[in-house]
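Taken straight from TrEMBL:
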type	residues	note
DOMAIN	328-460	domain 'ZU5'
DOMAIN	461-593	domain 'ZU5'
DOMAIN	849-934	domain 'Death'
REGION	943-966	region 'Disordered'
COMPBIAS	951-966	compositional bias 'Low complexity'
Amino acid sequence: MAAVAEGLEPEAAATEDDAQDAVDAVGAVDAEPGDPPLLVGSRLSLDLYPGGCQRLRHLCARQSPQLLEVQFMQLSSHEDPRLLETTLAQVPCSLRHLRSLVLRGGQQRDVLGACLRGSLTTLPAGLSGLTHLAHLDLSFNSLETLPGCIPQMHGLSTLLLSHNHLSELPEALGALPALTFLYVTHNCLRTLPKALGALSTLQCLDLSQNLLDTLPPEIGGLSSLTELNLASNRLQSLPASLAGLRSLRLLVLHSNLLTSVPTSLAHLPLLTRLDLRDNQLRDVPPELLDAPFVRLRGNPLGEAPPALPSPPGTPTIPEMPRLFLNSDLDSFLVTPQGCSVTLACGVRLQFPAGATATPVSIRYRLRLPEPRLVPLGPHDSLLSHVLELQPHGVAFQQEVGLWLLFVPPRARRCREVVVRTLNDDSWSDLETHLEEETPKRLWAHCQVPHFSWFLVVSRPVSNACLVPPEGTLLYSSGHPGVKVTFPPGATDEPRQVYMQVVRVASGELRALLEEPGAAASPLLCLSQSGPPSFLQPVTVQLPLPPGVTGLSLDRSCLHLLYRTPPEATWDDITTQVALELTHLYARFRVTHFSWSVPPHPRSLGPSPQDSRPGRTHAQPRRYWLWYTAKTRVEGLARKAWERLRLHRVSLIALQRRRDPEQVLLQCLPLSKVDATLRRLLERYRGPEPSDTVEMFEGEKFFAAFEKGIDVDADRPDCVQGRVCFVFYSHLKNVKEVYVTTTLDRQAQAVRGQVGQVGREPQAAWAEARTLSPTSSHPQVSFYRGAVPEDVPEEAEAARHRKGTDSPWMATLPIKLPRLRGSKAPGQGQGTSLSLAPLNLGDAETGFLTQSNLLNVAGRLGPDWPAVALHLGMPYRELQRIRHEFRDDLDGQIRHMLFSWAERQAGQPGAVGRLVQALEQSDRLDVAEEVRAVLELGRQKYEDSIQRTGLAPLDPSASPSPESAQA
């Protein structure tokens with residue numbers, strides 16, 4: 001046979017005979033009856049199954065006229081090297097019009113799941129005769145030198161050489177006049193040819209992940225270059241000729257050894273991003289330091305240069321290790337040497353040398369905020385999630401630096417940002433310094449002596465002083481006119497006094513009182529430690545309300561109010577104190593702070609200033625000076641104080657355009673509604689936002705789907721079809737859920753009984769899904785408070801009264817289309833899928849069961865190919881799944897997800913990779929649901945460990961935030 005004449009093995013000859021039988025099919029070359037066609041139109045795909053070289057040799061031997069039409073060919077390089085070289089030598093004669101040639105490896109993986117390189121080490125010289133070739137992909141191969149035929153392919157515009165063993169590029173590469181895209185990532189390049197600068201048409205050049213330590217000056221001759229990636233090399237400096245890249249838009253230089261950068265980079269006219277992260281830059285030109293397109297994170301900016309080398313024999317101090325944790329890791333080890341750690345959530349920690357005497361394992365968890373974990377005062381705003389660092393209560397020998405990312409507060413006047421932590425059964429505020437990386441990326445930096453729970457809040461500016469027996473003066477740094485004077489002898493032992501002043505908008509007060517001349521002073525909050533009474537009268541000074549002076553005011557219109565427990569009402573004490581008026585101020589004296597105030601029913605607990613560790617405090621006393629013609633102002637003051645703490649928001653309910661069963665629910669401040677809708681309406685559609693609703697910081701509310709609709713998920717934040725929310729004005733109050741109708745749930749029940757009644761799952765599902773929805777006007781309503789046991793389907797009575805005390809807030813319509821199911825057996829060619837039981841993860845970090853994976857599969861919809869690619873699935877496998885289940889979308893999704901899960905079973909980090917792939921595919925709703933399932937599993941595991949007595953007892957561990965607030 002011909003194979004024997006070619007010197008091939010008998011097994012190869014047998015393969016040729018099998019392939020020859022398949023070639024006889026006219027118009028489509030199939031390996032087997034069920035395989036996808038290999039030759040379709042102008043595309044020849046030989047990389048889907050083994051034996052691609054043999055199939056190509058037979059096609060060339062038959063001189064099929066279809067080969068003259070082929071313009072795109074894919075061939076796996078996982079073949080015998082001799083057979084591969086012999087086969088490629090026949091390509092120029094048989095495929096004369098070839099425009100794209102893909103000879104990639106990477107289709108096979110080793111036992112650890114890493115891509116294997118192909119066997120290609122060179123190319124036949126005859127390939128230079130492919131005069132129409134414009135695209136050549138040789139990635140994931142074993143090339144050590146560039147094949148000599150490539151510089152002779154003068155029509156080549158795209159050359160992909162990533163993941164090879166190239167140590168250099170030849171000077172002849174500059175002879176490619178049409179080259180536009182050149183990718184040589186993940187190789188061993190140490191130098192670049194000078195002729196590279198002659199590629200005048202080159203637009204994209206990617207040389208990342210190599211060993212380059214210098215760049216030739218000729219690189220500045222790439223006049224058409226728009227993207228240049230030199231990340232992860234060994235560059236210490238850059239040539240000044242980079243200023244000649246006048247078309248450059250993207251320059252990536254992160255993870256190098258750069259100590260300086262040319263100032264001329266700031267003057268490139270089209271540059272939109274300059275990535276200089278993780279280098280050795282201690283100083284950069286001012287033009288680059290202030291440029292918004294420059295990324296400088298991870299550089300020792302402003303630090304002193306390293307000391308000169310020590311004399312011989314001097315012991316060297318090792319450099320502090322730097323750790324960067326990905327989303328798969330939730331713990332790390334700290335040694336006495338110290339380390340700098342960046343967590344996957346963006347939090348940074350710095351353990352100085354000597355912070356621990358022995359190695360300590362640190363664990364962290366970023367929790368979603370909820371009232372039992374978040375201690376907020378009446379005028380505080382939450383700016384971050386809750387960070388838990390373990391082990392709790394373990395004291396460090398040196399304080400640990402902590403940097404928390406937070407959302408920039410919208411109001412900054414007379415307010416401050418602090419880190420709040422749990423310490424000795426009480427919450428306290430740490431001394432906090434703010435660091436700004438960009439205007440929208442801010443850090444709260446503090447020093448912590450031990451680990452517990454941490455969060456970032458915005459609060460009114462707080463001032464404090466220690467009152468000695470000699471007396472002192474306490475004044476507000478935000479409102480200098482607010483003062484408290486303690487005379488000598490006011491106390492016989494030192495006591496701590498705290499002050500907060502809250503600004504009041506006069507316009508809102510006038511609107512509430514319907515009185516143009518009404519005004520109010522700032523609201524004064526005072527708290528103290530020690531005995532409630534003072535031995536001498538204490539003088540309190542408040543500024544007169546705006547627009548009012550002591551010379552022109554009507555004293556009958558002046559009201560001094562304070563808030564008193566337990567009724568939590570405001571009382572007018574004007575007649576109980578002697579008001580002394582000056583031109584600008586009002587003063588009065590008190591001998592005790594007797595008006596302690598409990599938290600408002602809607603507030604989340606005592607103000608952190610009221611629970612300083614080691615001290616006993618009364619709750620804050622609030623003084624308020626009003627000027628109004630009203631005579632009964634106590635009730636109006638209660639409403640005005642509530643309005644100070646209310647946020648005006650709108651509620652939205654949108655449905656994804658490609659999948660209307662996916663509903664996005666969000667609560668937005670009025671200032672963000674228009675901008676958010678402009679961004680979302682590209683992918684979503686739905687009714688107009690609700691009318692304005694007023695909500696308190698940290699207030700609970702829930703969304704209830706009504707009139708036959710339910711939430712199609714088993715979520716920890718969902719109770720009988722009602723989704724729980726907690727409103728925080730600076731955080732994203734958004735959730736995405738899948739909804740289902742009554743008939744959908746009946747279909748799921750039918751599907752669950754298939755094993756008993758003997759029906760096919762696809763047929764039962766199709767029968768139920770082809771029915772119409774049960775209701776013509778489905779809707780979602782929003783209610784205040786925690787989820788009750790029962791919510792009326794209509795709740796019409798609640799809609800007659802609207803306000804902060806009304807449970808109902810808004811109702812928005814939901815439109816569900818007629819749901820279409822899969823075809824019954826016999827109507828399509830999809831292959832049924834048998835799902836083997838499996839679990840991803842572990843008991844400690846949480847499991848994803850087969851049921852969880854089925855829920856995930858049911859929500860991916862048309863987005864499943866993007867998720868599969870981000871999971872690392874080869875594109876050829878996607879094509880195979882699409883063909884095998886070509887009439888069954890559900891089958892495609894389940895087969896992709898479960899085949900990936902079976903390969904990942906038992907491997908660490910699989911669940912983290914799934915969450916990351918969902919986020920990269922813009923399916924944050926499913927990613928959040930997976931995280932919630934894992935969190936629920938972790939909690940159940942911890943509870944079971946404690947019940948069985950297997951949990952280690954740590955007497956030094958601090959209590960939970962729940963018990964601290966009990």
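Placement of Cβ uses the backbone N, Cα and C atoms for every residue, glycine included.
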Could you break down the residues of the domain 'ZU5' (461-593) into DSSP helix, strand and coil, giving a count for each?
14 helix, 63 strand, 56 coil
Counts by DSSP class (helix H/G/I, strand E/B, coil) across the domain 'ZU5' (328-460):
0 helix, 72 strand, 61 coil
What does DSSP give as the helix, strand and coil breakdown of the domain 'Death' (849-934)?
69 helix, 0 strand, 17 coil
Per-residue pLDDT averaged over the domain 'Death' (849-934) comes to what?
80
